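Asks: Pasting the relevant annotations from TrEMBL:
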type     : residues : note
COMPBIAS : 257-267  : compositional bias 'Basic and acidic residues'
COMPBIAS : 271-307  : compositional bias 'Polar residues'
DOMAIN   : 18-107   : domain 'Ig-like'
DOMAIN   : 111-215  : domain 'Ig-like'
TRANSMEM : 221-246  : transmembrane segment
Amino acid sequence: TRSLTITSVDQSMFEKAQGEKVTLPCTFELSEEDEGPLDIEWVLIPADNQKREKIIIMYAVDRVYDTYYGASTGRMQFTNLDPKSGDGSLDILNLKAADTGTYQCKVKKAPGVQSKKIQLTVLVKPARTECSIEGSQVIGKDVTLKCVSQEGSPLLSYDWRRVSGAQDLPATSMLNKNTGELLLKNASREYSGTYNCVASNRVGTDECSIELHVTPPVNTAAIIVGAIIGTLLGLSVLCSLIFCCCKKHREKKYEKEVHHDIREDVPPPKSRSSTARSYIGSNRSSLGSMSPSNMDGYTKTPYSQVPSEDFERAPPQNPTFAPSKVAAPNLSRMGAVPVMIPAQSKDGSIV
């Protein structure tokens, strides 16, 4: 008994770039013996056999159902607006890497049932390619130019070219197309220039550029000598500061010790009362030792040198000897303390 058949058997594998559009073919022919309702289903078969198939889109009873798979909503549709005409092909718009997988077209019209599987691979173009330099850009040294794409489906291939000066790569260069590394051995000044890297896979390319400057080696001897001199100068300044600080500390310590010794040797100051008494006592002893010959001169000495208000007066004493014939000066009018004057005998001696 003849039943429906799927006629699109030309291609079963597709490779497309991300963002592009793909049409998965599924054309069929019906038989007179197929009298049941027509059903067309597109399902996504997961790579893990433990997971269930996901219905993407379906045509049944003259109606399209396309809300089964949320990730494909608005991006997957039947190529023909009337699938029952014999064309149940599927269009997928704005492809994403997650769309990679195995798709199956199922056509049912009882008693006939047919299906077809198609493998779809969504490739990502190289993107965000970056160039860098590793190693010292000095004459005679080895330097490596690196190229890496942050995005891109394998297998990625890298190629370097020189875009300034001589177009050919240096004779000593070694290129690794899989890693994107270009090794320049024993670099010379002629190696300087602009280099361009192109990253590519089966669906697209991306590129970046970098500038290489090969310079003469730096005079390391002069740098070392300068560093040594600078270190010595720094040490000398540090030693000078330490010496000054120590010297200042010793001077302060010596001043404190000397000041302490002086304070211990100096007797305590006399009180104002004791000073006045000693001053008055000295005046009394001086007056007692005077003779009548110099009394006249002494009486003329000003007594204002002895302060009468700042010092304590001597207690009054009762005279025990006869008044002298020599009249004593009136000290009370001078504001001085009264002093006893010795008497003079007949032969002129002081009693």
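Placement of Cβ uses the backbone N, Cα and C atoms for every residue, glycine included.
Unlike curated records, TrEMBL annotations are generated automatically.
A description of the local structural setting of each listed feature is requested, covering burial, neighbours and distances.
Replies: Helix, strand and coil content of the domain 'Ig-like' (18-107), in residues and according to DSSP, is 9 helix, 38 strand, 43 coil.
DSSP labels the residues of the domain 'Ig-like' (111-215) in these numbers: 3 helix, 63 strand, 39 coil.
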